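As given in Swiss-Prot:
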type: ACT_SITE; residues: His134; note: active site, proton donor/acceptor
type: ACT_SITE; residues: Lys138; note: active site, proton donor
type: BINDING; residues: Asp32, Gly74, Thr75, Thr76, Ser99, Ala100, Asn101, Phe102; note: NAD(+) binding site
type: BINDING; residues: His135, Gly144, Thr145; note: (S)-2,3,4,5-tetrahydrodipicolinate binding site
Amino acid sequence: MKFTLVGNGRMGREVAAVISRSGIHETAAVLDVDAKITPDSFRGSDAIIDFTVRDAFLQNLDAMLASGVPVVAGTTGWDDVRAGVASKVKAAGGSLLYSANFSLGVNIFLRTVREASRLIAPFEQFDIAFSEQHHTAKADFPSGTALAAAEHILAANSRKHSIVRQLPDGRKIQPDELQVAAIRLGGVFGKHTAFIDSEADEIVISHTAKNRSGFASGAVETAAWLALRHKTAPGFYTMDDFLNERLA
């Protein structure tokens, strides 16, 4: 398959390297984040893989959808307009798969955290919190993966109703709040940890990325899946859709 990459940063270059090593896929084009993008920019592509920034992704979305080429969106930071993006995809008859993290390891981790949250829900002696660490150049805070994990925790645990990113001085966290802490440090690729605590014990579930290849490989694999899916069932997808089909 042929993929057009939008974004030539660290992730874009890693995706290009994975495609080159695959022996079965090709890079049709690489478009810089500030390039003038039109529907013709994606001619001859089987899928688009976007790793840019929020503003560029939202600005280029109409052109990507108008091209008729399915889009894999690895750009984060636009959860507040997610419903609007999904509506645009549907109206255009297009396909878009969004994930804050395409690493298969991370997505297995997220499912593990959700199951752990479900298991402790009936037992009030257990509380849960979440933290993430990334390199100092990462812009969004907390990470999209951390927010995805928080959504999993809230969905599985009726005792947690809202996310707290920072506590004002002098205010204690409430029992129905889930704290999501973020640390920016050095060149950390990404570390996500769920902490489950009681008076008797502590359970720690953690995922550490050793490099970016897992993210890039997952993006290429899901792009190939979406290119085929788009032919018969266009729509707005997530990694859960991809994993559910693979695990069926």
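Placed from the backbone N, Cα and C atoms, the Cβ positions cover glycine too.
Taking the Cβ of Gly74 (NAD(+) binding site) as centre and 10 Å as the limit, one finds 27 other Cβ atoms among all the protein chains shown. The recorded positions His134, His135, Lys138, Thr145 include none with a CA atom within 10 A of the CA of Gly74 (NAD(+) binding site). All protein chains shown were included, and the count of other CB atoms within 10 Å of the CB of Thr145 ((S)-2,3,4,5-tetrahydrodipicolinate binding site) stands at 25. Each of the recorded positions His134, His135, Lys138 was scored by other CB atoms within 10 A of its CB, and the lowest score goes to His135. If you measure from the Cα atom of His135 ((S)-2,3,4,5-tetrahydrodipicolinate binding site) to that of Asn101 (NAD(+) binding site), you get 15 Å.
Closest in space to Phe102 (NAD(+) binding site), of the recorded positions given as His134, Lys138, Gly144, is Gly144, taking the CA atom of each residue. Residues Thr76, Ala100, Asn101, Glu132, His134, Lys138, Asp140, Pro142, Ser143, Ala146, Gly190 surround the recorded (S)-2,3,4,5-tetrahydrodipicolinate site, their Cβ atoms falling within 8 Å of the Cβ centroid of His135, Gly144, Thr145, which are themselves excluded.
Long-range neighbours of Asp32 (NAD(+) binding site) (same chain, six or more residues apart, CB within less than 8 Å of its CB): Gly7, Asn8. The Cβ neighbour count for Ser99 (NAD(+) binding site), using a 10 Å radius and every protein chain shown, is 25.
Ranked by Cα separation from Thr76 (NAD(+) binding site), the recorded positions His134, Lys138, Gly144, Thr145 are led by Gly144. For the recorded positions His134, Lys138, Gly144, a Cα-Cα cutoff of 10 angstroms around Asn101 (NAD(+) binding site) retains Gly144. Proximity to Thr145 ((S)-2,3,4,5-tetrahydrodipicolinate binding site), defined by a C-alpha to C-alpha distance within 10 angstroms, is shown by the following recorded positions from Thr75, Ala100, His134, Lys138: Ala100. The Cα of Ala100 (NAD(+) binding site) lies closest to that of Gly144, out of the recorded positions His134, Lys138, Gly144.
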